[in-house]
Each structure stands twice: as C-alpha cells, then as structure tokens.
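Notes follow once the structure below has been shown.
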Amino acid sequence: MYKQSWKLLGRGQDADFTVAYINARIIDPESKLDIIGSLLTKGDKIVDFGQDLFNNGIPSTIDEVVDCNNNILMPGLIDIHVHFREPGQEHKETIHTGSKSAAAGGVTTVVCQPNTIPTISSIITAKYIKMRALESAYVNIEFYASITKPDNSLSDMALLKEAGAVGFTDDGMPVMNSLTMRQALSYSSMLDTVVAQHAEDLNLSNNGHINEGTVSYELGLKGIPDISESIIVNRDIALMKNIKNVHYHILHVSSQDSLNIIKQAKNQGLKVTCEVTPHHLTLTEQDVITHGTLAKINPPLRTENDRLSMVEGLKNGIIDCIATDHAPHEVNTKELPLDTAAFGIVGLETMLPISLELYHNGTISLIDLLATLTYKPANIIKVPRGRIKKGFVADLIILDLNHEWTIDILKFASKSKNSPFHNRKVKGKVLRTIVSGKTTYTAVRNI
C-alpha cells in the first residue's frame with residue numbers, strides 16, 4: 001500500500017532551490033543513457049548529472065536530497081492526447097482532477113483536445129485553458145485548437161497558434177470535408193505546426209458501436225469497419241502530397257490497413273506521424289465480451305491481428321508514440337447497453353504500467369519503449385521536454401520498474417473511473433513526479 005500526496009504546480013520550483021537526486025538509475029531514452037548516478041536540479045532546470053556527481057560528497061548548500069534507492073530516474077511522460085472536459089463537462093473531469101491523475105501516472109505534460117464546450121476555436125477559450133492550468137494544474141498543460149469552428153468554417157489558425165496551440169485537430173470527430181482538410185494542411189505548413197486527424201469516415205462507421213466482425217455479429221450490434229479509419233488516412237495523405245513542409249498526425253491508429261498506408265507514406269518521405277493507445281496495444285474486440293461498455297471506445301478495439309500489428313508498428317517505428325486518449329465519463333453514461341453507452345476510457349494512471357507489459361514480456365526494449373512515451377511525443381508537438389540534458393526543464397519521474405501491484409479504479413485521482421483494466425496485475429510504479437523542478441506527486445510505501 002502507498003500513501004499518495006500531491007502539490008499544485010503553480011509557477012514551478014523557486015528559482016534558486018536545489019535538489020540532489022542520488023542513487024538513481026538515470027535513463028534518457030533519446031541519448032540511450034542508462035547509468036547509475038546522481039542528478040542536480042536548480043529551480044526548474046537540470047544543472048548536472050552523471051556517475052561521478054557528488055563522489056566527493058553532497059554540498060551543504062543543497063536544499064533537498066532525494067534518495068532514489070536505485071530506482072529509475074527518467075524524463076516525465078508526455079501524453080499528447082487527453083480529454084479534460086473543461087470547459088463545459090466538469091462533471092466528467094476538470095483540468096484540476098485530470099492533471100492530478102496525470103501526476104499520479106508519471107505524466108508531466110498533457111495535450112488537451114479541443115472538443116470542449118465551447119470548443120477551443122476562439123482566443124477566449126484558449127486563454128481560459130491557460131488561466132485554469134495556472135490556477136489548478138499539477139502538470140504542464142498544452143492544448144490543440146480546433147481545425148473548424150462550430151459552423152464548420154476554418155478556425156483562425158494563426159491567432160490560435162499565437163495563443164498557445166501546439167497543433168490543430170477536431171478530435172472526437174473527423175474533418176470529413178476534403179476541401180477543409182486540404183486548407184487546414186496548407187495553412188499548418190505555413191505556420192509550422194501539426195494537423196492531427198481523428199480518422200473515421202462517418203458514412204462508413206454509420207453510428208456503429210464496436211468493431212465490425214465476429215463479436216459485433218455475435219452480440220447483434222452495428223459494427224464499425226476498419227476501412228472507416230484507413231480510407232480517411234489514405235485520403236489525407238493524398239491531400240498532403242503536394243503541400244510543402246506539412247506535418248500530418250493520425251490520432252489513436254487501430255487497424256493494420258492504416259499502418260500499411262502510413263508505412264508507405266513514411267517510405268515516400270512524407271512527414272506523417274501517428275500514435276497508438278495502450279488499450280489498442282493490449283486488448284481486442286474479445287474484451288468487449290468480458291468488460292462490456294468499459295471496453296467501448298472509438299476507434300473500437302479490433303482483432304488480435306490488428307493488435308499484433310500495433311505492437312509490431314511500435315517496435316519498428318511506424319508508430320511514433322503512445323498516447324492514452326484519456327476519455328472520462330460519469331458512471332451513468334457507461335452503465336447502459338452497449339448500443340447507447342458512451343465511448344471512451346480513462347488512461348493516465350494506467351498508461352505506464354500497461355505500456356510496460358511490452359517490456360516485461362520481452363516484446364520491446366526498455367529504452368525503445370520509454371522513447372515512445374517521452375521525447376518522441378515531444379517532437380510531434382515541438383516542445384523542448386522529454387529529455388535529460390543540462391539546461392533542460394526538470395520534468396522527471398522516479399519509477400520502481402519491477403514493483404507488482406493491482407490496478408484499482410476506486411483509487412484513481414481522476415473524477416471518472418471508466419477503465420477495463422480494473423483488477424489487472426501490473427509491474428511498474430511511479431514513486432515521484434517532478435514538474436519544472438517541483439515535486440507534484442509522491443507515493444510512499446506504508447510500513
């Protein structure tokens with residue numbers, strides 16, 4: 001059992017406050033550093049690290065010493081796909097509760113999706129998100145702005161980028177209009193920012209509920225065919241081919257056919273990136289039978305063949321990063337029949353241990369897995385985080401890699417508990433989360 005505690009981030013650590021992290025296994029996935037040593041922070045920055053640091057003793061001027069007890073000290077996770085529901089649906093989640101959940105999961109930076117009420121398609125809403133983050137967050141809050149306004153016209157992308165947007169998407173819904181998508185890709189290339197697509201042809205998905213296949217037929221439910229995803233991926237890649245310097249990102253990819261198209265585009269030199277969720281790496285349509293509406297998500301859990309393709313795509317680099325699509329819902333929207341229940345699961349507090357299953361079962365190396373959770377997502381949104389380097393922001397976590405525990409949704413910090421991973425036995429526990437040099441979360445074992 002662990003006692004958990006949190007501290008709001010505010011403006012980060014005091015400028016002159018120093019912290020020495022000793023007896024650490026320091027891992028930096030980008031440089032492939034993996035050493036036993038120490039690390040020093042001052043204010044919000046990493047000052048120094050190495051095997052020989054503090055060999056002559058820790059200076060008395062150091063304000064705080066944290067003994068890592070040979071656990072891993074690594075960059076904090078970066079989740080570029082979360083729904084914090086604020087403004088408009090604060091009964092599901094808020095920036096406060098969502099970021100508290102992130103801190104508990106070792107996630108030091110999140111990117112909020114813009115399908116709030118109202119959407120992040122105006123400067124006013126963008127400013128509101130930034131204000132609420134400063135007031136109530138435990139981690140760094142970034143946001144995508146909407147590609148379109150409520151009337152389906154193009155958002156003022158230049159002003160929204162200036163207001164802090166790290167990219168553009170209509171996630172929750174696709175951009176179905178090809179002309180609008182082409183215009184968004186064109187403008188984004190001029191702004192040097194990313195356009196992210198929720199790839200779903202609504203005519204083909206046709207208000208389906210789960211993957212079209214064996215399980216949908218067995219349960220008598222309308223299915224969502226995998227071509228509804230791949231056809232939009234194919235269309236968008238065709239649209240970007242004649243636009244210079246454009247970056248196109250596919251959210252929560254789920255089908256083998258989509259991956260084949262993405263692989264071909266990358267081989268042609270196009271700047272195409274994509275993400276996969278932990279649940280699409282570990283669950284299939286069969287889990288809908290076991291977990292019911294807790295396994296109802298969009299895109300749906302697909303076949304075992306698709307799942308294996310996701311794992312292989314992550315290993316070989318076709319898939320760039322892991323992101324949760326953290327989608328909180330209150331109980332009464334999930335305790336319904338499959339054909340009426342809401343889509344989505346929460347994922348911030350299970351992101352790391354579920355992803356680590358791929359390491360613990362020998363599928364992928366630890367360094368390569370952690371890369372997809374740290375600097376690789378940072379590269380997609382162009383933020384200087386996810387690395388251990390001198391002068392870089394001190395966004396760090398301490399991880400007990402082999403600690404075994406059982407997921408308990410009732411202990412989630414998130415306001416919502418909709419997860420199919422309840423009672424799953426996992427390995428890997430976040431003991432401390434440090435954001436801008438400031439500890440915002442600790443888990444201390446009860447004796």
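Every residue, even glycine, has its Cβ placed from backbone N, Cα and C.
Swiss-Prot annotations:
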type	residues	note
ACT_SITE	ASP325	active site
BINDING	HIS81, HIS83, ASP171, ASP325	Zn(2+) 1 binding site
BINDING	HIS83, PHE84, ARG85, ASN115, ASN298, HIS329, PHE343, GLY344	substrate binding site
BINDING	ASP171, HIS198, HIS252	Zn(2+) 2 binding site
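Recorded features from Swiss-Prot, shown on the structure.
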| residue | record | Cβ neighbours (10 Å) |
| --- | --- | --- |
| HIS83 | Zn(2+) 1 binding site | 25 |
| PHE84 | substrate binding site | 32 |
| ARG85 | substrate binding site | 25 |
| ASN115 | substrate binding site | 19 |
| ASP171 | Zn(2+) 1 binding site | 20 |
| HIS198 | Zn(2+) 2 binding site | 22 |
| HIS252 | Zn(2+) 2 binding site | 23 |
| ASN298 | substrate binding site | 19 |
| HIS329 | substrate binding site | 26 |
| GLY344 | substrate binding site | 23 |
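Report note: the Zn(2+) 2 site is defined by ASP171, HIS198, HIS252, and the residues of the same chain whose CB lies within 8 Å of the CB centroid of those residues, excluding them, are HIS81, GLN113, THR169, GLY172, PRO174, ALA196, GLN197, ALA199, GLU200, LEU251, PRO299, ASP325. Put simply, ASP325 (active site) is 10 Å from PHE84 (substrate binding site) when counted between their Cα atoms. Here the Cβ of HIS81 (Zn(2+) 1 binding site) has 27 other Cβ atoms within 10 Å, regardless of which shown protein chain they belong to. Sitting within 8 Å of the Cβ centre of HIS81, HIS83, ASP171, ASP325, and not among those site residues for Zn(2+) 1, are the Cβ atoms of VAL82, GLN113, GLY172, LEU251, HIS252, ALA323, THR324, HIS326, ALA327.
Its Cβ placed at the centre, PHE343 (substrate binding site) has 18 other Cβ atoms within 10 Å. Shown in sequence order, HIS81, VAL82, HIS83, LEU251, HIS252, THR277, ILE297, GLY344, ILE345, GLY347 are the residues of the chain, 6+ apart in sequence, with a C-beta less than 8 angstroms from the C-beta of ASP325 (active site). Cα-Cα distance from ARG85 (substrate binding site) to HIS198 (Zn(2+) 2 binding site): 17 Å (rounded to the nearest whole number).
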